[in-house]
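Novice: This is the structure I have questions about; it appears just below.
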Amino acid sequence: MDHSLGWQGNSVPEDGTEAGIKHFLEDSSDDAELSKFVKDFPGSEPYHSAESKTRVARPQILEPRPQSPDLCDDDVEFRGSLWPQPSDSQQYFSAPAPLSPSSRPRSPWGKLDPYDSSEDDKEYVGFATLPNQVHRKSVKKGFDFTLMVAGESGLGKSTLVNSLFLTDLYRDRKLLGAEERIMQTVEITKHAVDIEEKGVRLRLTIVDTPGFGDAVNNTECWKPVAEYIDQQFEQYFRDESGLNRKNIQDNRVHCCLYFISPFGHGLRPLDVEFMKALHQRVNIVPILAKADTLTPPEVDRKKCKIREEIEHFGIKIYQFPDCDSDEDEDFKLQDQALKESIPFAVIGSNTVVEARGRRVRGRLYPWGIVEVENPGHCDFVKLRTMLVRTHMQDLKDVTRETHYENYRAQCIQSMTRLVVKERNRNKLTRESGTDFPIPAVPPGTDPETEKLIREKDEELRRMQEMLHKIQRQMKETH
């Protein structure tokens, strides 16, 4: 028996049977993939070779195993000791270690399986895909943005808007004559257009204010603008408070570009009154129009003067949010450059001219060419970056969280006061014992009118009490 089992301690030469088994393993898809994976894994060669030789040699045992009921037989013990002992490398590498998620081979069905990922299934929940879900839903729904432009005529408001969004919003506009301009009052006009860029849809609404500042007497010419902003807040408040709130259209004004004339030494009284009347209702971004009529030193002095007067009169223009601590340095430098550029000195042009072999949008003068998108000539690129690329969502957030919430709080407070007054009147009516309700005070009355109404209410109450006393006396006498 010892002689028959002596082959187990020696290496088995590679014969035809082993070659056939290897060929069979190579043809089998699952075993071939497993064999190749174990063979390629670092440090697994001794295990692979020993295991392969053992699997090949064991079927060649010809002598039957003794049928002894005693499991502690010496032959059994001797035969068990003749099995090859594991080497040092096999003691530390009894089985391939599990792969990390990053080094795990991807399944060939990974592209078709939405749950297949490089993360470990036991450690990966899936809520990291929430930003992608929000992104898909937002892109599918589209975005709304309402921009108001205000300022006197001739400052390039329409041209700048067309240059910002590369579209013609004033295709059907008619220029008024001199007599019509004299009789013209401040109007509110809306231009809506759908813009799509790389699959993202934007519904842009431009609110224009023709006739603003064109009259000789411009007293309270800003009132129609303020009333329009309040009307949009009121309409949104009604829709939000209604039963069906699925398809609420947001027409609130998110930003107001106020154009300041380059002629003069700062802000005019009309500019101050307009911005003070609207700075609690809308995000105001001051614009220094027609910057090509000023030299670079004049532009710098004009900007400093306007910033000083804005601070002096307590005007609250749109404030850029502070950068987060984890923002990169390039973004922080860009944000600082935008803050220092207020008011933005801009130039608008829809004409394409040729400059140094390039076709650019700009204005051609006898002494040279002014390029609209050249940062050295104007702040058009900075304004577009702020308005469209970096702070459009923040403008909408400030409108919703600050300006609209202020209007909403005022509406709720006024409604609460009216309800309290009505309850007090009903209580007094029940105490007086009359079925005739006391007329309510109309909203918006002055203090003198309210005082007069209260006096009349007291007089009516005394007369009712006298009438009840007379009725009781008449009943007692009868």
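Even glycines carry a Cβ here, placed using N, Cα and C.
Pulled these from Swiss-Prot:
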{"type": "BINDING", "residues": "151-158, THR185, 290-298, GLY348, ARG363", "note": "GTP binding site"}
{"type": "COILED", "residues": "447-478", "note": "coiled coil"}
{"type": "COMPBIAS", "residues": "94-108", "note": "compositional bias 'Low complexity'"}
{"type": "DOMAIN", "residues": "141-414", "note": "domain 'Septin-type G'"}
{"type": "MOD_RES", "residues": "SER28", "note": "phosphoserine"}
{"type": "MOD_RES", "residues": "SER29", "note": "phosphoserine"}
{"type": "MOD_RES", "residues": "SER68", "note": "phosphoserine"}
{"type": "MOD_RES", "residues": "SER117", "note": "phosphoserine"}
{"type": "MOD_RES", "residues": "SER118", "note": "phosphoserine"}
{"type": "MOD_RES", "residues": "SER325", "note": "phosphoserine"}
{"type": "MOD_RES", "residues": "SER432", "note": "phosphoserine"}
{"type": "MOD_RES", "residues": "THR434", "note": "phosphothreonine"}
{"type": "REGION", "residues": "1-115", "note": "region 'Disordered'"}
{"type": "REGION", "residues": "151-158", "note": "region 'G1 motif'"}
{"type": "REGION", "residues": "208-211", "note": "region 'G3 motif'"}
{"type": "REGION", "residues": "428-449", "note": "region 'Disordered'"}
Novice: Looking only at the region 'G1 motif' (151-158), how are its residues distributed among DSSP helix, strand and coil?
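Specialist: Output for the region 'G1 motif' (151-158) reads 2 helix, 0 strand, 6 coil.
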Novice: Indicate whether SER325 (phosphoserine) is helix, strand or coil by DSSP.
Specialist: coil
Novice: Give, as a single whole number between 0 and 100, the mean pLDDT over the coiled coil (447-478).
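Specialist: Mean per-residue confidence for the coiled coil (447-478): 72 out of 100.
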Novice: So of THR293, SER325, which of the recorded positions has the fewest other Cβ atoms within 10 Å around its own Cβ?
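Specialist: Output over recorded positions THR293, SER325: least Cβ neighbours within 10 Å is SER325.
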Novice: Give the residue counts of the region 'G3 motif' (208-211) per reduced DSSP state, in the order helix, strand, coil.
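Specialist: Summed by class, the stretch gives 0 helix, 1 strand, 3 coil.
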Novice: CB neighbours of GLY151 (GTP binding site) within 10 A?
Specialist: 22
Novice: Are there residues of the same chain, six or more positions away from GLY348 (GTP binding site), whose CB falls under 8 angstroms from its CB, and which are they?
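Specialist: Set apart from GLY348 (GTP binding site) by at least 6 residues yet with Cβ under 8 Å, we have GLY156, THR159, LEU160, ASN162, SER163, VAL372, PHE380.
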Novice: About how far apart, in whole Å, are the alpha carbons (Cα) of SER325 (phosphoserine) and LYS290 (GTP binding site)?
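Specialist: That separation, Cα to Cα, works out to 37 Å.
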Novice: Tell me, how many other CB atoms lie within 10 A of the CB of PRO296 (GTP binding site), whichever protein chain they belong to?
Specialist: 11
Novice: Which one is it: of the binding-site residues LYS157, LYS290, which Cβ has the fewest other Cβ atoms within 10 Å in this structure?
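Specialist: Sparsest of the binding-site residues LYS157, LYS290 by Cβ contacts within 10 Å: LYS290.
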